[in-house]
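Quick look at what TrEMBL annotates:
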TRANSMEM  59-85  transmembrane segment
TRANSMEM  97-119  transmembrane segment
TRANSMEM  131-149  transmembrane segment
TRANSMEM  155-175  transmembrane segment
TRANSMEM  187-207  transmembrane segment
TRANSMEM  213-229  transmembrane segment
């Protein structure tokens, strides 16, 4: 009597270590019996960003930066409309309780939409994902622009514009493929873009002194750094088609601080203080 066994094979090219992890650095510990983890090899959703060629990685980073910058532009446009179109600004400033009535249900719908997009992303079609993100972005724009118009116009409006400028600087960095989107280089590029754009906004908004833009510069730098570090973490699991998921994850992680803390711990686990504040292998 002969017993026959059937085996199942995964739809991947190889699950064994090939002597080099595709992070742009040669691995010092060669072990032919070492296996890839799920984040280091192909999975059922595709190939992780860190294992793609540099040119394709840059397309992913550029797309995410442009999507986020576009959301900042929508907020700036809506805030401008609230301030300069008709009597909208006067109504927002004078109204107290009536002003909050539409924002509360809008906030609940926005939270529900973003949560469902993040939770059921893999089950949705590409077209439905796109339209859901558009709907979420419009709702988020209405809420943020209303808050900026009523409470934080001076600082918030400039911070939003500088954030958009910094993200565009990050997108410009991805137009080259000589240097990886890793470490401090993209962050420095974003900081430089914000720094050189600041005098333009000082002149454009007729600020009394340059010091008035320092706080918006700091806020925008923090936001852009958060976006970049989030991409550093998520590229270990995301595929090049997950730009929408990456964008909505920015909001989910910000709303759930424990996720942010977990990501920071993961990113700084192998930090070399002398070499930078982000692990080069991430």
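Backbone N, Cα and C atoms are what each Cβ position is placed from, and that goes for glycine too.
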The transmembrane segment (187-207) touching the transmembrane segment (59-85) per 3+ Cβ pairs under 8 Å rule: no
Same-chain residues near the transmembrane segment (187-207), Cβ under 8 Å, at least 6 residues beyond its ends: 158, 161-162, 165-170, 172-173, 213, 216-217, 220-221, 224-225, 228
